[in-house]
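Okay, structure first, notes after.
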């Protein structure tokens, strides 16, 4: 046993791996492995305890070597404490005892209460501790702080923390306004198309709108009259309808603004004098009739001056322009005055008015909604004008 040099053992996991020629074994140096506790071949057939537990490595040590730890033998070696240093000069020296105050600061011992009181009587010393008009009795006034504001700023150790709540609100406010404005803009741009569809649907009652330009000399594909391509003959009519719709929307906004300004009393229009069709706002020397009532704006002379005199009538604080239009229309069309008692009587019958409104909304509601729905995006704009003007 152990003399056959042809036993293959390239990895060295089996005992007597020093016999493998791959590891330099020969007849002159058969034992190049100096492992003192290596096992021979008969004992290699037994299950040994190695670094990985029973049966996982050969008895002679395994891949971790032949140390006691590789053989599964754990030995606890006590640690040796370091020796105490006997050289006291290498470490920190002890703090020496402070000498007495009379030895270290002899000049401080010469001041007693009597000497200090006498020194304070000197005007030069007194000026250092007491400001002008001060008293030596009681506590000493501190020296005023003459440090500049710049030095106080430079003495700070860091910048103050930023108020993130103010910064967030400052960013979210404009962002929400921008988002709401963009949403309203996209909705407003759909108004002309919706009104155009309603306008063209009046020509195709009971059927789907179809562009009539398809039967012309240059036919196009089937499309709606509200989305004609530029090559379609109906494209010019579509642009004309959109332009008229834009003018109508602009006129509607101006009317609403005019009504709002008139309600706020910002249109100082002189009312008409009953029985008179001529008015003048020229200069007047005196007024034959004093102005009555409280008004936001001053009174104006509304009758034609005679010898420099005129009749003064106060401008209404609200609905001045509407009253002027009503008086002007009543003078031009006398039959309008006959409608006033009927309107007052009808408005006074509140249950009847509400029942009539409910009946009309129930009967014409779907049709009115189809007509009014394109103008719904304008309601937020009207509301903002009403609130902020």
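Heads up, the Cβ atoms here are built off N, Cα and C, so glycines get one too.
Of the candidates 222, 309, Swiss-Prot marks one as N-linked glycosylation site, and that one is 309.
According to the topological domain annotation in Swiss-Prot, residue 239 and residue 359 sit on the same side of the membrane. The feature transmembrane segment, as given by Swiss-Prot for the ranges 243-263, 264-284, 285-305, sits at 243-263. Taking Swiss-Prot as the reference, the stretch among 135-157, 365-387 described by the feature transmembrane segment is residues 365-387.
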